[in-house]
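Enquirer: This structure is in structure tokens; I'll ask about it shortly.
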Amino acid sequence: MRFIVSLLAFTAAATATALPASAAKNAKLATSAAFAKQAEGTTCNVGSIACCNSPAETNNDSLLSGLLGAGLLNGLSGNTGSACAKASLIDQLGLLALVDHTEEGPVCKNIVACCPEGTTNCVAVDNAGAGTKAE
């Protein structure tokens, strides 16, 4: 009986200490403090901040390549074949190929961009690619 109680107490303690890490892992990009810090200082008054991958990375990822080919993702201006998605779309579709998970929460994996409403091209903004990346 003591063994079972000890085992349950250990399991509860291990689960409680693991919760903060898993909570950060399950955080949404659109509400991530780490993403807000990554995009800090950028202005995008004409649309939404988005995460983009380079054409080389997009071509290596069959899911992103398929979404880009179907016109579901915007492209980065000047980089035909790149994939960009708004934070809300990344959260809705679970496009994890565009996101790195850090201890503070999710951030854009490669390029932070501004995607004007009503266009298919996004423009890289200040701090593009300079955000915190998980090693």
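The chain as shown is numbered from 1 upward.
Including glycine, each Cβ sits where the backbone N, Cα and C put it.
Just so it is clear, the model here is predicted, and its values are computed rather than measured.
Swiss-Prot lists 1-18 with the feature signal peptide, giving sequence analysis as the kind of evidence. Taken from Swiss-Prot, the feature disulfide bond covers CYS44-CYS114, CYS51-CYS108, CYS52-CYS84, CYS115-CYS122. Under the heading N-linked glycosylation site, Swiss-Prot lists ASN60.
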Enquirer: Between C-alpha atoms, which of these disulfide-bonded residues comes nearest to CYS44 (disulfide bond): CYS52, CYS84, CYS108, CYS115, CYS122?
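Expert: If we rank CYS52, CYS84, CYS108, CYS115, CYS122 by Cα distance to CYS44 (disulfide bond), first place goes to CYS115.
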Enquirer: With every protein chain in view, how many other Cβ atoms are within 10 Å of the Cβ of CYS51 (disulfide bond)?
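Expert: The Cβ of CYS51 (disulfide bond) has 30 Cβ neighbours within 10 Å.
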Enquirer: Within 10 Å of the Cβ of CYS115 (disulfide bond), how many other Cβ atoms can be counted across all chains shown?
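Expert: Result for CYS115 (disulfide bond): 26 other Cβ atoms within 10 Å.
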Enquirer: Using Cβ atoms only, which residues of the same chain lie under 8 Å from CYS114 (disulfide bond) while being at least 6 residues apart in sequence?
Expert: THR42, THR43, CYS44, VAL46, GLY47, SER48, ILE49, ALA50, CYS122, VAL123, VAL125
Enquirer: What's the most sparsely packed of the disulfide-bonded residues CYS44, CYS52, CYS108, counting other C-beta atoms within 10 A?
Expert: CYS44
Enquirer: Among all the protein chains here, how many other CB atoms are within 10 A of the CB of CYS84 (disulfide bond)?
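Expert: Other Cβ atoms within 10 Å of CYS84 (disulfide bond): 31.
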Enquirer: Distance check, please: Cα of CYS84 (disulfide bond) against Cα of CYS51 (disulfide bond), rounded to an integer number of angstrom.
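Expert: Cα-Cα distance, CYS84 (disulfide bond) to CYS51 (disulfide bond): 5 Å.
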